[in-house]
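These notes concern the structure reproduced below.
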């Protein structure tokens, strides 16, 4: 099939758009999946929530400035997580899906240690108020700057710093309580 001169730029633009989207998915899918999980999306709903984030990104791809993909995806994931939690507020999280995604072959002891560490982290994070958990996860786990977190959550930078400090204190206190032997052992 021969293309006219006018059709070639359209085909090139579509190919460029698809390549950009594939790059976004490849670069950010696992981070978005993990972020959604840390924000309390139940394990059996994380795949759907992540897919929803990227569906929105595809629909709005032309509006996303090059270089701003990550903040856009995390902002969208934050909103999807809020909506997801409202829908299943009383549901108890299922078995951790992350353990089924690892293609390497760790020993059973390593698998148990990893699962226990993830379970503990999820438990400690789940106990934080949502506004504290979001800031803690974005800063400590995802590596966002306080300025980016302020933009994402639409609160002043000072509020982000205050929430991060409170989240760290609460997280550390809960971790210390967990690590303290019970019954004088």
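Note that Cβ sites are derived from N, Cα and C of the backbone, with glycine treated the same way.
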Region 'Disordered' per TrEMBL: which of the ranges 89-115, 116-142, 143-169 is that?
89-115
Go ahead and report the DSSP secondary structure tallies for the domain 'RNA polymerase sigma-70 region 2' (25-90): helix first, then strand, then coil.
53 helix, 0 strand, 13 coil
Could you give me three numbers for the domain 'RNA polymerase sigma factor 70 region 4 type 2' (120-169), the DSSP helix, strand and coil residue counts?
40 helix, 0 strand, 10 coil
